[in-house]
Amino acid sequence: MQHHKATPESPIGIFDSGVGGLTVVRAIQAEMPAERIIYFGDTARVPYGTKSPATIRKYAHEDTAILMSHLPKIIIVACNTVSALALDVVEKTAGSIPVIGVLKAGADLAVQVTRNKHVGVIGTQATVSSNAYADAITLLDANIEVVSKACPLFVPLAEEGFTEHAATRLIASDYLAAFDGHDIDTLVLGCTHYPILRHVITETLHRDIRIIDSAEAVAGRTRKLLADAKLLSTEKHAPPPHLLVSDLPQKFSMLYKLFMESDLPDVELVEV
């Protein structure tokens, strides 16, 4: 792949398996409102968390190639599953363009904020099975105890817009019971779909726990990297994000409004 030289006016490229990465788009807009954003949601193949590592690595290459065709100055992997199993594929495909994954950003923040060194992680089956969060956290502080729980139904519930549904509360209660007796004071939302279910998650836990939203963590890290490289945009205002999707689900407009709290801009359909 032919690589390009990034400039301050180049866009920030972000990809995810579906609409969950829009939480990262929102966080980037809040942190850096002047930045142009290209977002690719692989809505035709969501969820990634139930796929094999080989398939996830294949998708990671294809998703990155789509973003690279738009000449970004940085690529944010807004998919924890790809961050856990295929970040090296993204980095190889991106060449000289820097890559930031949500997983490392979330792990770093969890280590900084935990007070009792008991951290919980929720994520897709693939992310949890990879042990990537626990490895990243204990690499930074070996004294931290990490308890992980796969919550595979959270992604389809978020994609359906079931943010306050009784079924969501029932499933959350079942999943989060895994943390009973572990005295966690910090919980990492190890999937970018999960912040949309944050209210149900915090209510279900019934105690004061610091919630780590990897979308917010990655926005701060992105700003620092771009500032250090003198690649922050000099524009006054940015246009709406340029949205690319591999399929246009009937509920996409509703989901966009749910995640972004704004109306859906133009959407471009791309083949994968």
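Positions of Cβ are set from backbone N, Cα and C atoms, glycine also.
Annotated features in Swiss-Prot:
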- ASP16, SER17, TYR48, GLY49, ASN80, THR81, THR192, HIS193: substrate binding site (BINDING)
- CYS79: active site, proton donor/acceptor (ACT_SITE)
- CYS191: active site, proton donor/acceptor (ACT_SITE)
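In this structure the alpha carbons, written CA, of GLY49 (substrate binding site) and CYS79 (active site, proton donor/acceptor) are 9 Å apart. The two recorded residues, THR192 (substrate binding site) and CYS79 (active site, proton donor/acceptor), have Cα atoms 7 Å apart. The candidate set comprises the active-site residues CYS79, CYS191. Of these, CYS79 has the most other Cβ atoms within 10 Å.
Considering only the binding-site residues SER17, ASN80, the Cβ with the fewest other Cβ atoms within 10 Å is that of SER17.
DSSP assigns CYS191 (active site, proton donor/acceptor) to coil in the three-state reduction, outside any helix or strand. Other residues of the chain with a Cβ within 8 Å of the Cβ centroid of ASP16, SER17, TYR48, GLY49, ASN80, THR81, THR192, HIS193, the substrate site, are GLY18, GLY20, GLY21, VAL46, PRO47, ALA78, CYS79, VAL82, THR124, THR127, VAL155, CYS191. Following the DSSP three-state reduction, the secondary structure of ASN80 (substrate binding site) is helix. Annotated pair CYS79 (active site, proton donor/acceptor) and ASP16 (substrate binding site), C-alpha to C-alpha distance, rounded: 5 Å.
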